[in-house]
């Protein structure tokens, strides 16, 4: 809108140049008419020149108003197209970001489920091993007890030693299973690694969505700037060219009117005949509207 307003002002300056030339022609024609008798050819000439000048000025004003409106409409259309581009980019970004976020969330949830399943499997395996070893130790103790009951107290010590060895071995195996589950690189660490990888993947996905949004915003701003600058500069250049043409045409009309008045003005009844340089400055003959294009 700022560029359209500037273009309208440039066109108005061209109208002002024509208006000044036409006003000067009207004033000169009226002055010549006042020096001549009423109803003479000079008076008619002055009135007709004034009417043509007024008509030409009105046409110029209408043309300038129409061109200013056209420039404003072009600028408004460019701005609306840029806004539509921005809206489409925002909608695309939202849809893309939503899909990316959902995919990242699914990957995180899958990693968590995998880690949970691995930990539960390790826990179940440790419990099963401990239960098996406990059953074996109980069976060995019962066997030893039966041996003692059958063979007497002389083998009690041997049975105790055997049972102690079996229990010690079972306890050692259970401790090894527990250490393997909690040691570096074990099941717990693997579950933690899966969880960390899932979180990193989600962070990368969100960062990519943010970068895409910034690129769309830059493209939208560039589209607005290009559309507005192109429409405004073209209209302003046309208005400035018309302004220069108006000034040149006004000067030519003044010289032509001065020459015609000095050469063709009729002699008044009292013998007065305007000489070159004494007639209206910038007046125009019939049929030549001042400033009309």
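Just so it is clear, glycine is given a Cβ too, placed from its N, Cα and C backbone atoms.
Remember, it's a predicted structure, so these values are computed and weren't measured experimentally.
Swiss-Prot lists region 'Disordered' at one of the ranges 1-26, 27-52, namely 27-52. According to DSSP, the secondary structure content of the repeat 'LEA 11-mer repeat 4' (134-144) in residues is 11 helix, 0 strand, 0 coil.
For the repeat 'LEA 11-mer repeat 2' (83-93), the DSSP counts in helix, strand and coil order read 11 helix, 0 strand, 0 coil.
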